[in-house]
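Here the structure comes first, spelled out in structure tokens, and everything after it is commentary.
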Amino acid sequence: MGGGHSALSGRSLDTFEKIRLRPNGKKKYQIKHLIWAGKEMERFGLHEKLLETKEGCQKIIEVLTPLEPTGSEGLKALFNLCCVIWCIHAEQKVKDTEEAVVTVKQHYHLVDKNEKAAKKKNETTAPPGGESRNYPVVNQNNAWVHQPLSPRTLNAWVKCVEEKRWGAEVVPMFQALSEGCLSYDVNQMLNVIGDHQGALQILKEVINEEAAEWDRTHRPPAGPLPAGQLRDPTGSDIAGTTSSIQEQIEWTFNANPRIDVGAQYRKWVILGLQKVVQMYNPQKVLDIRQGPKEPFQDYVDRFYKALRAEQAPQDVKNWMTQTLLIQNANPDCKLILKGLGMNPTLEEMLIACQGVGGPQHKAKLMVEMMSNGQNMVQVGPQKKGPRGPLKCFNCGKFGHMQRECKAPRQIKCFKCGKIGHMAKDCKNGQANFFRVWPLGRSETKKFCAIQRRHSWSGTNSPPNGNSLRSSKEAPPAVCREGTAPERGERTDKETEGERSGGCFLELPLWRRPMKRVIIEGTPVQALLDTGADDTIIQEKDLHFPPHKPWRSKVVGGIGGGIHVKEYQGVQVQLEDKIITGSILIGSTPINIIGRNILAQAGMKLVMGVLSSQIEETKVQLKEGKDGPKLKQWPLSREKIEALTEICKQMEEEGKLSRIGGENPYNTPVFAIKKKDKTQWRMLVDFRELNKATQDFFEVQLGIPHPAGLQKKKQITVIDIGDAYYSIPLCKEFRKYTAFTIPSVNNTGPGIRYQFNCLPQGWKGSPTIFQNTAANILEEIKRHTPGLEIVQYMDDLWLASDHDETRHNQQVDIVRKMLLEKGLETPDKKVQREPPWEWMGYKLHPNKWTINKIELPPLEGEWTVNKIQKVVGVLNWASQIYPGIKTKHTCAMLRGKKNLLEEIVWTEEAEAEYKNNQGIVQETQEGTYYDPLKELIATVQKQGEGQWTYQFTQEGAVLKVGRYAKQRETHTNDLRTLAHLVQKICKEALTIWGRLPRVQLPVDKKTWDMWWQDYWQVSWIPEWEFVSTPLLVKLWYSLVKEPIKGEDVYYVDGAASKVTKLGKAGYLSERGKSRIRELENTTNQQAELTAVKMALEDSGENVNIVTDSQYVMNILTACPQESNSPLVEQIIQALMKKRQVYLQWVPAHKGIGGNTEIDKLVSKGIRQILFLDRIEEAQDDHAKYHNNWRSMVQEFGLPNIVAKEIVAACPKCQIRGEPKHGQVDASIETWQMDCTHLEGKVIIVAVHVASGFIEAEVIPRETGKETAHFLLKLLARWPVKHLHTDNGPNFTSQNVAAVCWWGNIEHTTGIPYNPQSQGSVESMNRQLKEIISQIRDDCERLETAVQMATHIHNFKRKGGIGGISSAERLVNMLTTQLELNTLQNQIQKILNFKVYYREGRDPVWKGPARLIWKGEGAVVIKEGEDIKVVPRRKAKIIKDYGERKTMDSEGSMEGVREANKQMEGDSDLQDQE
């Protein structure tokens, strides 16, 4: 057996091979383990011959013992193997590895040493915070002494780096070997691997970055240090470059506070090592794919090697193992693995796929199978043990079987268990439903409240693993209010309200709720009976001392009255609660715990069910949509347990229903912790379902504002608990809400549920709840006259002018009627006393406020996210705090996309922020609305384009607001004021339903001058003038009539889009002109420059004529400020004029001055286009609805004209112009899909590279029709690869047969896979849009489909090359044919060899490969060199394979036939 090469031989080796690797395991030790151990010895500087003796094994164990607790898996395996070999040498009989390790540790007292070392903390040699004993720093005589690393440790580190070649194993090896090391020791480990300079350079860069970050965050104190005080370590000190060993020891053990510099430095090095490992292992696990003939075992080895190098959490790696390992397998293995079911083990996958591989692998496998078969024949089948005696299932006797029984056949009911009838004839109902359970076998499991209180909205963490199984027969009694105090915490002063909150128990009702209680120290099994008033115990189960006082009592029951003894003040322990109460002792058939004990324990009978009085709202999916079918992503153990408990309770309350695999839909579910970090919240990712669900209209368009509430004497705020879960969901829609809770480690199938109520996160829940609650409240309002109810979602504001008693009565009526409808209002969410928290506001009897605003100080780091939050707080505060500005603060965020990007405050923003800090420090209050008083809105200008306004009644502020929106680039204050007043009026109509009287800071004359011409820009109500310091005024105005006697300036400008060059100028009626050349400009900028030139060169009064609507729109609005510097200069020039008349004329209409100036500025810049074919293009578009690119090419129209024709067509403006693109795909790849329209099936095939489509209407979506369409496609176009979804028609045998016959590779798409059928899905949408545009022109859908296909293929141009899909496809096929032909010609050239001479060297060299042949020279390639040789020095011959040696020039000249053949080929090559 090869024992000569191992540490054991003979009988010792036989004993070794009988020892099991694990307790009760099947695998045993083999000789290969000994060979492996011998090789591993070198890593630790030990000789393999030490394994041959007991003393040698003892030395190995002494070396490995300190490293074993923190070592890698390989090190632990070596330690275990040495223990087994030691036991064999010592003739200690052991059965498995675990027993051998225990034997060795007991023999050498290793366990006692560790235990004693743990007890003696003062004598420990390990620094604080560690567990390993392998430390270079030891405590000797209460002083810390450094011991250098041993050569064995350094040798092991070097061998690891050399053997693993910076694999993923290097990082854990470094962690194990450097445990407890100082920075000096870590640098020593890095120095011994000095040959790897590239890796060390990366490590150095990471260490330098971390050291710099340390210095930035740990700045040394200012000034000199006191005498004897230890300085704080810097980044270079931690790295060991500027610190000594003694300083490192002092910082680690004696400093106050202590700084473990060694551990900190190890973290930096580990970060660098991870970066090095990632660089040396560039192949990602996502790129690992199994080859077509690669054995599955080799693929798994490569996959796990790449997985170890991934720097990802373990849960992510688990997910990669579960999904990517199967997803990236080849088709043969993938087909086998899918047949294994959900989440197979790796061992099952390896066994199932062991036959997949190339011929060599299959031959090797066949040899192994044949050898195993021969061994089985030699060994023979194993015999089974003796069979037991036969037993009859009819009479129960031994010796014969049921079919041989002579006794009459007994019929047994499987429902009640009785003999004589069958289950279908049973009249007894459920079997043993009221049977008294034996006391010893019905103990209910303990379930604590702190672990039990899970709900959809929150659950405690962690959940209890000993949960009780649920029942399908009846929902259990659930107690979920409050929390249970610990044993002995209850006091006599506990109030009834406090006692009612302690719930800790859940019992299923599929059997009697029996519970073990302790009465005066005696355990008693009793029935928890919520229908019994008293607690009655049988005399045989409970005995009290004779001297304990009692009194006689008669209690009534179903069978009549019974005499009992009543003992008072008896102590009863139920779960973790101790209750004192009365106990009755008598002849009761069963022990009963009544309500007198259960009520003190805080138990309730909760039946959470959906209300049957609320009608379901019918909901459906969008047309053509289907429900979500998404895979559940991996979850951690604690999340799975939390979700299990949440769903179990919701199922018991009727909010969820358990379903199976028959429901094909699924949505991912996950859990997050609430803010208090003690409870869990379940979240379902309904994004895909929301896309497919019909659209809803939000019936409540906004949040009610407290300024719109009227002042009332009595106010109560209540909240509807579990609002959504009380409203039933449409039964037909429930199947789409299905989700799955996976099992840990995939130990079983997931638990699937679907919602019976409105789920959170679904887009229909808010609308349905709002509408349902509104209908319920309408009925409630009729029963509560004088009570005003304001509702937003589940928050209710109840107010009245009644006295307190009557108001509370009406509130109780509201709560009672809501409860009748299934809407519960918990007591803890009822607010009866001020201040009332409502919708983020604080309501008081006479005022309302918001919570105190605390703005963070300016010092410190500011990111985009932090500033966004501050701006949100300021916007919220601006409804009550006047004067808040955020313009400059928001300006800092422009162009910033990364939320964590740091922001540097500008001076303006900093001043603005400090001003806001001063504003929010003062408390502001708002009043309530009085409908009898006048509503006034006052506006103030704050400067810098920011405005503020207040709504008041008789001087009391209702609310405030601000306005800083600039809608146009060029604007003036009057236009902004008009928009602001419009906003104020909309806000007043929304909150109070009436218009206010608006007070504006503008002069009446100024406003009228502007308003008479521009009244159409907006509508505003009546307003009045208010004298404030910042009055709005017009800085200039334009006259309406031409100024007589003044010169007229015709202005124009032109620019080229290509060169960005332009001209601007003017020409006056009196012959004055000026032309100016411009660079890097546009048409609009040139037009504005011309106006500016005319204003500069004219007098105080001027007439200006332009043909630019852009210029007219800007200047006629009289802007006073602009973001454009050029417009700002024009405004300044206008202010200097006394009168300006501005007129517009159409261009190119032969108008005198306009035509002349247009020719002057257009010369050399642009061409005047004469658009004669516009009408022809319009007619063609009305017929085919082609896109603008097609009209540009066919009719020679400018882009802007062609786009205008498309924009004017109402049928082309549904979703705008689609943008065409091209995906990366081969030329013979097609995608196919079926879509539905008007109740018919349209099958569509798209050529991925060109976008060309084939489509037709088919009778049925079957495999036969799909295969027939595929044959048509194959007859017309080359198809080598077909990609579809995994629908039944595409995966049918008919399609598979056509693919086999046509040699077509067929693949199917997977959700979230890059190879999904995205192209054909996009074409489906485009085809439907074209059909909708031409549907009125066709009688039948079949005709419309063919017409739409023609339009798409031939009339829509764009994408690659700017041509149509049909042109692109033909072009690609032609190009492919040309390339194939050219490749054949190139191949002919490559079949020739060239012998050549260089310079004056007479020796012929070669042969070289011919690349190109011209008239005067040839291009050849010899080895890696490419050379150009004159024709006179080159001889070309045809390569016929092996030939005789040619040693003369004549032999080469003799092959003139080949040269002639090359002449023709070279001509073709020259043309190319």
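Cβ atoms are placed via backbone N, Cα and C, with glycine included.
As written in Swiss-Prot, here are the features:
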- 16-22: motif 'Nuclear export signal' (MOTIF)
- 26-32: motif 'Nuclear localization signal' (MOTIF)
- Tyr135: phosphotyrosine (MOD_RES)
- Gly223, Pro224: site 'Cis/trans isomerization of proline peptide bond' (SITE)
- 1007-1023: motif 'Tryptophan repeat motif' (MOTIF)
- 1043-1166: domain 'RNase H type-1' (DOMAIN)
- His1181, His1185, Cys1209, Cys1212: Zn(2+) binding site (BINDING)
- 1223-1373: domain 'Integrase catalytic' (DOMAIN)
- Asp1233, Asp1285: Mg(2+) 3 binding site (BINDING)
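Positions of the features from Swiss-Prot, shown on the structure.
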residue	record	Cβ neighbours (10 Å)
Gly223	site 'Cis/trans isomerization of proline peptide bond'	6
Pro224	site 'Cis/trans isomerization of proline peptide bond'	7
His1181	Zn(2+) binding site	23
His1185	Zn(2+) binding site	19
Cys1209	Zn(2+) binding site	13
Cys1212	Zn(2+) binding site	20
Asp1233	Mg(2+) 3 binding site	21
Asp1285	Mg(2+) 3 binding site	19
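Reduced to three states, the DSSP call for Asp1233 (Mg(2+) 3 binding site) is strand. For Asp1285 (Mg(2+) 3 binding site), the nearest neighbour among the listed recorded positions (Pro224, His1185, Cys1209), judged by C-alpha distance, is His1185.
Across the structure, Cys1212 (Zn(2+) binding site) and Asp1233 (Mg(2+) 3 binding site) place their CA atoms 25 angstrom apart. Taking the Cα of Pro224 (site 'Cis/trans isomerization of proline peptide bond') as the reference point, the closest of the binding-site residues His1181, His1185, Cys1209, Asp1233 is Asp1233. On the backbone, the CA of His1181 (Zn(2+) binding site) and the CA of Asp1233 (Mg(2+) 3 binding site) stand 29 Å apart. Asp1285 (Mg(2+) 3 binding site) falls within neither a helix nor a strand when secondary structure is assigned with DSSP, and so counts as coil. Nearest Cα neighbour of Gly223 (site 'Cis/trans isomerization of proline peptide bond') among the listed binding-site residues (His1185, Cys1209, Asp1233): Asp1233.
Across the structure, Asp1233 (Mg(2+) 3 binding site) and His1185 (Zn(2+) binding site) place their CA atoms 25 angstrom apart. For the domain 'RNase H type-1' (1043-1166), the DSSP-based tally of helix, strand and coil residues reads 44 helix, 35 strand, 45 coil. For the motif 'Nuclear localization signal' (26-32), the predicted model reports an average pLDDT of 88.
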